[in-house]
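Quick notes on the structure that follows.
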Amino acid sequence: MLSPDFVILTAVGYVGLLFLLAYLSDARAKSGNAGFLSSPVVYTLSISVYCTSWTFYGAVGTAARNGLEFAAIYMGPTLVFVGWWFLLRKLIRIAHSQHITSIADFLSSRFGKSSRLAVLVTLIAVVSITPYIALQLKAITTSIQTVSVAKGDGTDHLATLDEVTLALGVAIGMAVFTILFGTRNVDAREQHPGVVAAIAFEAVVKLLALVAVGVFVVFGVSGGISDIYARAVEAGVRIHENEPFGSRWVAVMFLSACAVICLPRQFQITVVENSNEDHLRTAAWAFPSYMLVMSVFTMPIALYGLSTMPAGSNPDMFVLTLPMVTGHDALALFVFIGGFSSATSMIIVASIALSIMVSNHIVVPLALRAVPLGEESGERNIARLLLRSRRISIAGMLLLGFLYFWLTQDSDALAPIGLISFAGVAQILPAMLAALYWRRATMKGALAGISAGFIVWAWTLFLPSFASFSPTMAELVADGPWGVGVLRPEALFGMADMDPLVHSVFWSVLANVSTLLCVSVATSQNALERIQASLFVDVFRRSPSFQPRIIRGSASTSELFFVAERVLGWGRARALFDSAGVPHRQAAPQHGVSADFIARLERELAGSIGSASAHILLTKAVAGDTISLEEMMQIADETQQAIEYSHALELKSQELHSTAQQLKEANALLQDLHRQKDDFLSQVSHELRTPMTSIRSFAEILMVPEDLTLEQRVRFIGTIHNESVRLTRLLDEILDLSALEHGERGWENVPVDAEEVLDQAIAVCEALAKKRFVLIESGTRAGSCFVLADTGRLSQVFINIIANAISHNDSEKPVVHVVSRFMADSYVVEISDNGPGIPPQYHNKIFEKFVRAEPDTMSDSQGLGLGLNISHKIIDKLNGRLELTRGALPGACFRIVLPVCQEAGPTAIAEKA
Amino acid sequence: MPRPPASSREERTDREDIAFLVPFFGVVLLSPPLLNLFADLRLPFGVPFETAYLFGVWILVIAGAILLSRARQFREGTPRTDAENAAPSVAEPPEST
Amino acid sequence: MTDILIVEDEQAILESLEFILTRCGWSVDVARDGEAALEAALRIRPRMLLLDIMLPKRGGLDVLKTLRSNEATASTLVVILTARGQQYDRQAAMDLKADGFITKPYANGDVVNAVRRILESQPSPAAHA
């Protein structure tokens, strides 16, 4: 048995450990070395602040009473998180871009920075969360009483404490801890890395504790899960659902989905404390997994407890009592610490979130209204005011929680209290969804909807929760106000045969949504609302830097700096002004400030005191020039249009630009081709006209044959014939070239003996050589060598080059030298001559069309200048190279390099043989 | 030729559709009519059928979320702003020759 | 004295022009490239050059330019023969004060008429003598 002293001191020690952890994490984050602290893991663990002591202890109680209904509490959040892409992602994106500090700030900012809405949401949150905090206090005190048994010998000093004193002590302790860590400074983004680290640590502790007791029950004292079910059946415990799943299941699932979005502590952790949008991607599956592990053992523990514990045991405390009855005190203590963790983490985060809301939306606006700005007074340092009001709010929240606990201490189960809270904050959800997706939703609509839902909730669910100890309430619930039956809280308009929770959710959500819709349609938005609506609804359609400038005017920098300093403190205000290049010293009191800077300042201020307060503060500071309504409407419309068109335009202009660039390139290419074609045609026409001229001329001469001798006639006709042959050859060459230029080779490459082809080509050229008295010398030769080629084409190349070498050679003793050899895997032929060679200026373009290096007097050189071009193309298509090089003789030397055909198949050789 | 507007537009639609599947089937499979189908007296694995079914759906939904979170489309380096308001597709420029 | 110097690198064309013009009674001499043409023009002082544009060694337009810049040959009549016939060739020839321009292929009669007309437009140096 554990003594109360020991248990309470353990709890105090645990809080001290948390304090240390939070302190170290804060210090680490401050030094800019957040590391693991800003990881998706810590983010996910901190979200599990959703699982409070209600979950820790109450889930087993719910399972014992209502079967699987406990799982619905987790199913709602699971569905919200796996659908993160649609809702949570948008929430976080907006919160980051608008410097949102709380859920009240979120709605207020969306609906035209309305203070009224912020106050309403804050009040609803306070009223809804108070029972929830009371629930945690109750869980802690009950668990302390359960786990420890006073020895009764007077050695236990703390044993004399009754439940209420204990709860008060816990509340005070929690208030001190939260104040110390939640409100050390007014942070730019309301992020508290130390607190988040402590919460994440507590998340691990409570998970381990619950899993430990689960493993203990399932595998320690029973023989596995099926054994527990079997025993339960033996003991007469019903293991199947009492009632079919129905409206209550749906209602609980709906409420838990609302809660994980709208509970102030969930909004604080999931949205405000989020440091990186991408962490959500991990939390989307990791948080549901966490909840799954938390609830795996719930049903077995409940059933085991029901089967083995004496009748009348409190099922809410089974997780503690099961280890205790078997004498496992250490496990019981660990479980107690787990439950304590889940309660304290909820209290800490909820009270921080609520204190931010209370101070930003209630205290600061009141202070701003009460005291005119611009007077030097130590009392009105807003930053200090904020801290003080937050500390008081935290204490106030815990006090309220304690009072509720005190009032309802005789109430029975934990779970109903939690669901009452859930149903209260669920009233925020319709306005929240409208804020995210319905541009037309107005501030008045949101205000009216939330109010209507809240009133119905208070009437049908909150007030009846007092019925157990207040006779007035009990009477009201039984008979309706003044005996009006149709207004009975749990049977509105006679809807009597319904679960009270479902009844309340149905009527409150109906009232809420229908009021929101009708009032929104019936009223219109003001300019600021329209601007904010488009900023929220279209958050993904806009560049992150876009912010409309709503406040315009001629505030002097000294006034603005005064405002900024009051809220942000001197250091941060100075950093802000310096980074924007705005002077802030007294030296430049009348320096004008851009509207951009005012907008930026407003966002920064909003990060500390909420958007509504920041807006009020700045409109007060920026003297005179409040923008007219019409101008604001215009800005709103322009903003809307700019958002819609700017991206479209940007994309279009990019596309047009790239299209224009491509067209330009294509055009340049076409022009180049066009010019080449013109040149080609011009050359061709020139080359064709020349033989045509002689043919026509001689033909005309021959048309009057009388003047001619026979000898002349024969000679002229011979010339005509020669020129016709030449013309035909030119046409053939042109066609040949055209075919080669248009892609595929018109022949099949087969292994041929290149040496044999070379010999034949030399033989063909001998006749021409003899005529010109040129000697063709064969030097060192490679012998037989197979290459992949077409005999005719290869021969054409050899003949062309040898013929060129012959016909362009005007030396005294003209010689053409032919050698061939192997080089690596190539077959190389070099044909050189001792002629004049190719002038250097032609070296680069000798293989181009119509280039003739030496259009000299030799009348036989009648080529079109296409020969080398054609040869070059042919060799190209044989995967070889034709190049001009330096040979042994003084004249030109052409080198042909062809890859040797590796599989010069025996068949090919055989065929040759 | 790169055509970011068209492709990201398609990708966005795909992405939204895929992302919708998991929560949609979650809601459907956890609706009372389907749950009640399994609320009978059978005991697979020694636990009541409805309990096994509930946890089975839960695991499936989580598995779906894990798959989604690993899919390439859902990784955003920097916040994208163009994806959701891609211009109405203008006439395609001619392919370059 | 020589009336006409034919400057042409194509043997067949040269032969046909020589035959036609000789048959009409003019005295004719020939050159086969640009340098030979300039040398002959200075040496034999023909009244007219029938000058091809595409010539080895020195192009026809270059020859024309040189002729015009030399006082001794500045007034020699020059008729350009070309197979290219593009406008810019004709323009370049006119800018260099060519007296005629004939595009290949031509009718023999056209050449004869053009040569006759141009020769007659300028009084024969022999008449002054």
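Note that the numbers count up from 1, one per residue, in the order the chain is shown.
Cβ coordinates are placed from backbone N, Cα and C, and glycine is handled just like the others.
TrEMBL: automatically predicted annotations, no manual curation.
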Handout entry: Range among A:164-183, A:344-363 that TrEMBL annotates as transmembrane segment
Key = A:164-183
Problem - Dominant neighbour of the transmembrane segment (A:389-407) in A:6-24, A:36-59, A:117-135, A:164-183, A:195-219, by Cβ pairs under 8 Å - result: A:164-183
Practice task
Given the cut-off of 8 Å on Cβ pairs that are 6 or more apart in sequence, determine whether the transmembrane segment (A:285-306) and the transmembrane segment (A:445-467) share at least 3 such pairs.
Solution key: no
Problem - Chain residues outside the transmembrane segment (A:6-24) and at least six past its termini with a C-beta under 8 angstroms from it - result: 144, 147-148, 158, 173, 177, 180-181, 194-195, 197-198, 201-202, 333, 336-337, 340-341, 344
Handout entry: Outside the transmembrane segment (A:445-467), six or more residues from its ends: residues with CB under 8 Å to it
Key = 107, 111, 114, 116-117, 120-121, 124, 127, 131, 407-408, 411, 416-417, 420, 423-424, 426-428, 430-431, 434-435, 473-474, 476-477, 489-490, 492, 500-501, 503-504, 507-509, 511-513, 515-521, 523
Exercise for the section: Look over the recorded stretches A:71-88, A:117-135, A:164-183, A:195-219, A:413-438 and say which has the most C-beta pairs under 8 A to the transmembrane segment (A:36-59). Expected result: A:195-219
Exercise for the section: Sort out for me which stretch, of A:71-88, A:117-135, A:164-183, has the most Cβ pairs below 8 angstroms to the transmembrane segment (A:413-438). Expected result: A:117-135
Practice task
Looking only at the coiled coil (A:656-683), report the model's average pLDDT.
Solution key: 84
